[in-house]
Amino acid sequence: MSDGVTLAQAQRRGVELLAATPADADIDVDWLLTAATGLSAAQRRAHPEDPITETAWRRFQALLQRRYRGEPVAYLLGRRGFLDFELVVTSAVLIPRPETEHLVEAALETPAARVLELGTGSGCIAIALARAWPAATVDATDCSAEALTVATQNAAILGADGIRFRLGDWYEPVSGSRYNLIVANPPYIGEQAPEPDQGDARFEPRLALRAEESGLAALRTIIVGAPRHLEPAGRIWLEHGYDQGPAVRECLAAHGFQAIETRRDLAGHERVSGGRLGDTPHE
Ligand code: GLN
(Lines of atoms letter the chains of each structure in order from A and count residues from 1; the text may use other names and numbers.)
(Lines give C-alpha, C1' and ligand atoms only; values in the text may rest on other atoms or scores of the structure.)
Protein backbone atom coordinates (compact mmCIF):
# COMPACT_ATOMS: atom_id res chain seq x y z
CA MET A 1 0.00 0.00 0.00
CA SER A 2 1.13 3.52 -0.75
CA ASP A 3 -0.61 4.94 2.38
CA GLY A 4 0.74 8.43 2.81
CA VAL A 5 3.93 7.86 0.80
CA THR A 6 4.87 11.18 -0.77
CA LEU A 7 6.54 11.69 -4.13
CA ALA A 8 9.75 12.71 -2.35
CA GLN A 9 9.68 9.60 -0.13
CA ALA A 10 9.06 7.35 -3.12
CA GLN A 11 12.08 8.90 -4.81
CA ARG A 12 14.26 8.34 -1.72
CA ARG A 13 13.16 4.72 -1.31
CA GLY A 14 13.93 4.05 -4.95
CA VAL A 15 17.41 5.54 -4.67
CA GLU A 16 18.08 3.52 -1.50
CA LEU A 17 17.13 0.29 -3.23
CA LEU A 18 19.22 0.93 -6.34
CA ALA A 19 22.20 2.28 -4.39
CA ALA A 20 23.29 -1.32 -3.87
CA THR A 21 23.42 -1.98 -7.63
CA PRO A 22 25.67 -0.69 -10.44
CA ALA A 23 22.72 1.42 -11.65
CA ASP A 24 22.99 5.20 -11.69
CA ALA A 25 20.40 5.37 -8.93
CA ASP A 26 19.38 9.06 -9.06
CA ILE A 27 18.94 9.19 -12.82
CA ASP A 28 17.26 5.80 -13.12
CA VAL A 29 14.79 6.52 -10.31
CA ASP A 30 13.90 9.82 -11.97
CA TRP A 31 13.04 8.01 -15.20
CA LEU A 32 11.10 5.24 -13.47
CA LEU A 33 9.15 7.56 -11.21
CA THR A 34 8.23 9.73 -14.19
CA ALA A 35 7.06 6.63 -16.06
CA ALA A 36 5.06 5.38 -13.05
CA THR A 37 3.40 8.69 -12.14
CA GLY A 38 3.16 10.47 -15.48
CA LEU A 39 4.68 13.50 -13.72
CA SER A 40 7.93 15.05 -14.94
CA ALA A 41 10.82 15.47 -12.50
CA ALA A 42 10.11 19.22 -12.44
CA GLN A 43 6.43 18.63 -11.59
CA ARG A 44 7.38 16.24 -8.81
CA ARG A 45 9.93 18.64 -7.38
CA ALA A 46 7.36 21.41 -7.34
CA HIS A 47 5.07 19.25 -5.14
CA PRO A 48 7.32 16.82 -3.25
CA GLU A 49 4.84 16.36 -0.38
CA ASP A 50 1.98 15.22 -2.65
CA PRO A 51 1.06 11.58 -2.00
CA ILE A 52 1.83 9.10 -4.77
CA THR A 53 -1.34 7.37 -6.00
CA GLU A 54 -1.86 3.69 -5.28
CA THR A 55 -1.59 2.75 -8.96
CA ALA A 56 1.56 4.80 -9.50
CA TRP A 57 3.13 3.33 -6.37
CA ARG A 58 2.47 -0.23 -7.57
CA ARG A 59 3.83 0.56 -11.01
CA PHE A 60 6.91 2.19 -9.50
CA GLN A 61 7.59 -0.82 -7.24
CA ALA A 62 7.33 -3.19 -10.19
CA LEU A 63 9.71 -1.10 -12.34
CA LEU A 64 12.16 -0.71 -9.47
CA GLN A 65 12.27 -4.46 -8.84
CA ARG A 66 13.02 -5.12 -12.49
CA ARG A 67 15.75 -2.44 -12.52
CA TYR A 68 17.14 -3.93 -9.29
CA ARG A 69 17.50 -7.25 -11.09
CA GLY A 70 19.42 -5.47 -13.86
CA GLU A 71 16.93 -4.86 -16.66
CA PRO A 72 18.04 -1.80 -18.64
CA VAL A 73 16.01 1.38 -18.17
CA ALA A 74 15.50 1.62 -21.94
CA TYR A 75 13.67 -1.74 -21.94
CA LEU A 76 11.63 -0.78 -18.88
CA LEU A 77 10.52 2.47 -20.50
CA GLY A 78 10.32 0.93 -23.96
CA ARG A 79 12.21 3.81 -25.53
CA ARG A 80 15.63 5.43 -25.88
CA GLY A 81 16.82 8.72 -27.31
CA PHE A 82 19.22 8.70 -30.26
CA LEU A 83 20.54 11.90 -31.86
CA ASP A 84 17.51 14.22 -32.01
CA PHE A 85 14.77 11.57 -31.91
CA GLU A 86 13.41 8.78 -29.73
CA LEU A 87 13.13 5.11 -30.63
CA VAL A 88 10.87 2.33 -29.42
CA VAL A 89 13.09 -0.44 -28.04
CA THR A 90 12.30 -3.95 -26.86
CA SER A 91 14.60 -6.75 -25.75
CA ALA A 92 14.62 -7.90 -29.40
CA VAL A 93 16.99 -5.06 -30.29
CA LEU A 94 20.29 -3.64 -29.08
CA ILE A 95 19.77 -0.42 -27.13
CA PRO A 96 21.11 2.42 -29.31
CA ARG A 97 24.34 3.81 -27.89
CA PRO A 98 25.98 7.24 -28.13
CA GLU A 99 28.98 5.65 -29.93
CA THR A 100 26.71 4.86 -32.84
CA GLU A 101 25.87 8.53 -33.24
CA HIS A 102 29.49 8.99 -34.42
CA LEU A 103 28.85 6.45 -37.18
CA VAL A 104 25.83 8.44 -38.37
CA GLU A 105 27.75 11.72 -38.20
CA ALA A 106 30.62 10.29 -40.27
CA ALA A 107 28.22 8.84 -42.85
CA LEU A 108 26.33 12.13 -43.19
CA GLU A 109 29.45 13.98 -44.30
CA THR A 110 29.06 12.67 -47.87
CA PRO A 111 25.50 12.57 -49.25
CA ALA A 112 24.51 9.24 -50.81
CA ALA A 113 21.54 8.46 -53.05
CA ARG A 114 21.34 4.75 -52.27
CA VAL A 115 22.07 3.52 -48.76
CA LEU A 116 22.26 0.05 -47.23
CA GLU A 117 22.33 -0.65 -43.50
CA LEU A 118 23.20 -4.18 -42.38
CA GLY A 119 21.89 -5.47 -39.04
CA THR A 120 19.59 -2.55 -38.43
CA GLY A 121 18.15 -3.66 -35.04
CA SER A 122 15.98 -0.80 -33.76
CA GLY A 123 16.50 0.95 -37.11
CA CYS A 124 18.40 3.83 -35.50
CA ILE A 125 21.07 4.29 -38.18
CA ALA A 126 18.84 3.79 -41.22
CA ILE A 127 16.21 6.12 -39.76
CA ALA A 128 18.75 8.85 -38.96
CA LEU A 129 20.07 8.73 -42.54
CA ALA A 130 16.60 8.59 -44.11
CA ARG A 131 15.51 11.62 -42.06
CA ALA A 132 18.61 13.57 -43.09
CA TRP A 133 18.32 12.56 -46.77
CA PRO A 134 14.59 12.35 -47.59
CA ALA A 135 15.26 11.73 -51.31
CA ALA A 136 17.64 8.79 -50.68
CA THR A 137 16.68 5.15 -51.17
CA VAL A 138 17.44 3.36 -47.90
CA ASP A 139 17.43 -0.43 -47.52
CA ALA A 140 18.03 -2.09 -44.15
CA THR A 141 18.47 -5.77 -43.38
CA ASP A 142 18.35 -7.83 -40.21
CA CYS A 143 18.25 -11.57 -39.57
CA SER A 144 15.73 -11.10 -36.74
CA ALA A 145 12.07 -10.74 -37.71
CA GLU A 146 11.34 -9.43 -34.23
CA ALA A 147 13.93 -6.69 -34.65
CA LEU A 148 12.47 -5.71 -38.02
CA THR A 149 9.04 -5.34 -36.41
CA VAL A 150 10.55 -2.80 -33.99
CA ALA A 151 12.50 -1.04 -36.77
CA THR A 152 9.43 -0.80 -39.00
CA GLN A 153 7.41 0.67 -36.15
CA ASN A 154 10.13 3.24 -35.46
CA ALA A 155 10.39 4.22 -39.12
CA ALA A 156 6.63 4.76 -39.27
CA ILE A 157 6.57 6.88 -36.11
CA LEU A 158 9.56 8.94 -37.21
CA GLY A 159 8.43 9.69 -40.75
CA ALA A 160 11.01 7.41 -42.37
CA ASP A 161 8.54 4.90 -43.76
CA GLY A 162 10.27 4.84 -47.15
CA ILE A 163 12.97 2.56 -45.71
CA ARG A 164 12.76 -0.94 -47.16
CA PHE A 165 13.36 -3.41 -44.35
CA ARG A 166 14.43 -6.89 -45.51
CA LEU A 167 14.72 -10.06 -43.45
CA GLY A 168 17.91 -12.09 -43.84
CA ASP A 169 21.63 -12.42 -43.14
CA TRP A 170 23.71 -9.36 -44.04
CA TYR A 171 23.62 -8.96 -47.87
CA GLU A 172 21.48 -11.99 -48.58
CA PRO A 173 18.13 -10.09 -48.96
CA VAL A 174 19.65 -7.46 -51.28
CA SER A 175 21.84 -9.61 -53.54
CA GLY A 176 22.28 -7.99 -56.93
CA SER A 177 21.68 -4.44 -55.58
CA ARG A 178 24.33 -1.75 -55.41
CA TYR A 179 24.57 1.29 -53.17
CA ASN A 180 26.59 4.45 -52.68
CA LEU A 181 26.94 3.88 -48.95
CA ILE A 182 26.98 0.83 -46.67
CA VAL A 183 26.76 1.30 -42.88
CA ALA A 184 26.67 -1.19 -40.03
CA ASN A 185 27.03 -1.53 -36.31
CA PRO A 186 27.43 -5.32 -36.30
CA PRO A 187 28.15 -7.56 -33.31
CA TYR A 188 31.85 -7.15 -32.52
CA ILE A 189 32.45 -8.45 -29.00
CA GLY A 190 34.67 -11.55 -28.99
CA GLU A 191 33.61 -14.99 -27.74
CA GLN A 192 35.70 -14.70 -24.57
CA ALA A 193 35.02 -11.08 -23.61
CA PRO A 194 32.96 -10.82 -20.42
CA GLU A 195 30.88 -7.69 -21.21
CA PRO A 196 27.73 -9.33 -22.64
CA ASP A 197 27.42 -11.39 -19.46
CA GLN A 198 27.64 -8.35 -17.21
CA GLY A 199 25.32 -5.51 -16.25
CA ASP A 200 22.58 -4.27 -18.55
CA ALA A 201 23.99 -6.11 -21.60
CA ARG A 202 22.82 -9.43 -20.09
CA PHE A 203 19.34 -8.49 -21.25
CA GLU A 204 20.32 -7.57 -24.83
CA PRO A 205 20.24 -9.99 -27.79
CA ARG A 206 23.45 -12.09 -27.95
CA LEU A 207 23.19 -11.98 -31.72
CA ALA A 208 23.65 -8.22 -31.68
CA LEU A 209 26.70 -8.33 -29.42
CA ARG A 210 28.96 -11.34 -29.92
CA ALA A 211 30.84 -12.41 -33.01
CA GLU A 212 33.41 -15.12 -33.68
CA GLU A 213 37.05 -14.52 -34.67
CA SER A 214 37.61 -12.34 -31.57
CA GLY A 215 34.59 -10.27 -32.53
CA LEU A 216 35.74 -9.62 -36.12
CA ALA A 217 33.68 -12.22 -38.01
CA ALA A 218 30.69 -10.02 -38.89
CA LEU A 219 32.87 -6.99 -39.65
CA ARG A 220 34.92 -9.13 -42.07
CA THR A 221 31.83 -10.61 -43.74
CA ILE A 222 30.49 -7.11 -44.31
CA ILE A 223 33.78 -5.75 -45.69
CA VAL A 224 34.34 -8.77 -47.94
CA GLY A 225 30.85 -8.39 -49.45
CA ALA A 226 30.96 -4.61 -49.76
CA PRO A 227 32.72 -4.19 -53.15
CA ARG A 228 30.04 -6.39 -54.78
CA HIS A 229 27.30 -4.15 -53.36
CA LEU A 230 28.80 -0.72 -53.86
CA GLU A 231 28.83 1.54 -56.90
CA PRO A 232 32.22 2.94 -58.00
CA ALA A 233 33.49 5.42 -55.37
CA GLY A 234 30.97 3.97 -52.91
CA ARG A 235 31.67 4.35 -49.21
CA ILE A 236 31.46 2.22 -46.10
CA TRP A 237 31.33 3.15 -42.41
CA LEU A 238 31.49 0.52 -39.65
CA GLU A 239 31.33 0.65 -35.88
CA HIS A 240 33.83 -1.63 -34.13
CA GLY A 241 35.47 -2.42 -30.80
CA TYR A 242 37.97 -0.03 -29.21
CA ASP A 243 40.91 -2.28 -30.15
CA GLN A 244 39.71 -3.42 -33.58
CA GLY A 245 40.70 -0.30 -35.57
CA PRO A 246 43.93 -1.80 -36.98
CA ALA A 247 42.24 -5.06 -38.05
CA VAL A 248 39.30 -3.23 -39.64
CA ARG A 249 41.57 -0.80 -41.52
CA GLU A 250 43.70 -3.67 -42.76
CA CYS A 251 40.64 -5.58 -43.94
CA LEU A 252 39.25 -2.49 -45.71
CA ALA A 253 42.57 -1.93 -47.51
CA ALA A 254 42.73 -5.60 -48.52
CA HIS A 255 39.32 -5.28 -50.18
CA GLY A 256 39.99 -2.26 -52.33
CA PHE A 257 39.07 0.60 -50.02
CA GLN A 258 41.02 3.86 -50.07
CA ALA A 259 40.96 7.05 -48.02
CA ILE A 260 40.51 4.82 -44.96
CA GLU A 261 39.96 6.70 -41.73
CA THR A 262 38.93 6.05 -38.15
CA ARG A 263 36.92 8.22 -35.78
CA ARG A 264 37.17 8.11 -32.02
CA ASP A 265 34.26 8.06 -29.57
CA LEU A 266 33.81 10.44 -26.63
CA ALA A 267 35.95 8.16 -24.47
CA GLY A 268 38.79 8.61 -26.98
CA HIS A 269 38.58 5.04 -28.33
CA GLU A 270 38.81 4.18 -32.01
CA ARG A 271 35.18 3.32 -32.73
CA VAL A 272 34.15 3.95 -36.33
CA SER A 273 36.17 3.24 -39.49
CA GLY A 274 35.39 3.79 -43.12
CA GLY A 275 36.72 4.13 -46.61
CA ARG A 276 35.86 4.69 -50.25
CA LEU A 277 36.14 2.35 -53.20
CA GLY A 278 38.04 3.37 -56.31
CA ASP A 279 36.33 4.85 -59.36
CA THR A 280 36.37 1.66 -61.42
CA PRO A 281 33.49 -0.84 -61.07
CA HIS A 282 34.08 -3.92 -58.90
CA GLU A 283 32.87 -7.42 -59.64
N1 GLN B 1 29.16 -1.11 -28.16
C2 GLN B 1 28.42 -2.25 -27.69
C3 GLN B 1 28.90 -2.65 -26.32
O4 GLN B 1 30.03 -2.47 -26.00
C5 GLN B 1 28.51 -3.39 -28.61
C6 GLN B 1 27.66 -3.19 -29.79
C7 GLN B 1 28.01 -4.13 -30.85
O8 GLN B 1 28.54 -5.22 -30.65
N9 GLN B 1 27.73 -3.71 -32.02
O10 GLN B 1 28.12 -3.15 -25.54
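Backbone N, Cα and C atoms are what each Cβ position is placed from, and that goes for glycine too.
Where the annotation comes from TrEMBL, it is an automatic prediction and has not been curated.
The model shown is predicted, which means the values in this text are computed figures rather than measured ones.
Among the candidates N180, N185, the residue that TrEMBL annotates alongside G119, T120, G121, S122, G123, D142, W170 as binding S-adenosyl-L-methionine is N185.
Residues from the binding-site residues list (T120, G121, S122, W170, N185, Y188) with a C-beta closer than 6 Å to any atom of ligand 1: N185, Y188. Among the binding-site residues P186, P187, Y188, the residue whose Cα lies closest in space to that of G123 (S-adenosyl-L-methionine binding site) is P186. For the pair S122 (S-adenosyl-L-methionine binding site) and P186 (substrate binding site), the C-alpha distance works out to 13 angstrom. Comparing the Cα of Y188 (substrate binding site) with the Cα of every entry in G119, G121, D142, these being the binding-site residues, the smallest distance points to G119.
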